[in-house]
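What follows is a single structure, written as structure tokens, with notes after it.
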């Protein structure tokens, strides 16, 4: 590997030179250079260097003190750059190229346009007009919004005579709040916007108010997105980015007008009773509210606006990265969600409703998506975390997508029949479970791709089921030992510990639940399955339209001997839900808030706040109640019109919240993704 020396610099000069101070053009491309090879002491002698070519190397960043005061042209193509802010040390730079640096995004383009006042060409394109807009108009708009945010929410919090501690506290709160709530432009530029907002806010505090910026020596903490009230309404944010789909919605002042549509499968008496129950529970939980933000039509076949038939099946929020240049220090819970249905997988910003990315396979119908965070070695044994999305469906193939690089780098031919659902292990980042219509659940090690995206996947385990597995869940207290599956023919458990020699395994236990005749039975279809906490399981049976809460530890004896044994589920409670017998209307949980969610056949979302029950259940003293627990709230499907016709017969196939219960994403049978926000 080449190291930069005085002799090398003289040799690579164009033309060759005898003195460093005379070099004006320098070609250091294709030398396998790393950041540590750029010695500031040596480069400081290149006082008259105007053109520098560093393309086709291994640079991940620039040192902050290269001291090239006359540099005008810089080529950094085909490197591994993660950040561009250090380029501000070259104020005279006029031409800059950094194509094929996979970790750089459009946000970095906007950063260099703002930082380099003389920049004319970026990646071969004239950016003069856009750069002027970024530096002037965009800055004025953001400054106005930052000032308004201070005036509305923080001005009155600072006493006229304030102490250093009060200054420190108000500054910290303001910087967090303003970066989260000041929105301007498309979501794809949200990182750039937060970067500029922080810069403007610090200048505002320092010069307009005279607050000392150096009073806060503590590192910034992450915060919830809903920590402060937003300065923009959801409607204003939508106007900045535009909506997907062609809907007119009867939503006045962001308040839903409930649909008056009657339930098909309920009698009038039961309907009236249900409405009364709903009213009572809403009075008891006035602090629980949600407002609709967006209704998106982004999974259409062939991008057709007439497609209201594509079924949407699965969604999961992107995990936050724990390290790396792309870490967002402001947002403690991701607002980006992956959704799938039909031939496409979409990434959506829940706050703005922007479809950030879309991945399509014309011959596929996607049923399930799952995230994992892989720790990859990128250069010089240096590790970096990247989010990888797995998507699978009718073809039985798992697609592996590196989202930040917009690249599907591989696939695993996992099953010969469709894959119903997938999930990653929370403890083993490369372990992926795939549940298929071949009545098997496979455990795969997807491997870790190298810099060229070469990877090796291997099958570690095959679990044999009696029927098609529809939902799977790893036991939180022992995710490397036990897996549960809700199947068309019952609920099963397997021992998945890998120190066992047996690669193909039968189920270890099948659970009994109350039957229609009052007895216990193992024969029922379980199309909803999730853990509410470390012990409480929530499962849904489509036959009776019932949702059970039951205890894992009190139902399953890990010391029990023998396979395929029958075990009675210890029922803790039953949730009041729709009378429908339709299948595949699955449920989900938000463990941090003790919430359960389940959609129904009328487009409604049933929400259950179980925080008043979990303490008794965890102590083991709670007895099963004879009464069903009613929903805390039911979000009714609003009256939406598409092509001047009201959308009807809306089934909610899935509903998922982010970990902090800020956003609720609802997937329907009519190709609409509905996004609600709680307050």
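Backbone N, Cα and C atoms are what each Cβ position is placed from, and that goes for glycine too.
Heads up, TrEMBL stuff is auto-annotated, nobody curated it.
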Range among 87-120, 121-154, 155-188, 257-290 that TrEMBL annotates as region 'Disordered': 257-290
Feature region 'Disordered' in TrEMBL, mapped to one of the ranges 195-218, 219-242, 291-314: 219-242
Long-range environment of the repeat 'WD' (412-446) - Cβ separation under 8 angstroms, sequence gap at least 6: 314, 367-375, 388, 390, 392-398, 400, 455, 457-474, 476, 479-480, 483, 485, 494, 496
Segment confidence, the domain 'Leucine-rich repeat and WD repeat-containing protein 1 WD' (289-678), expressed as mean pLDDT: 88
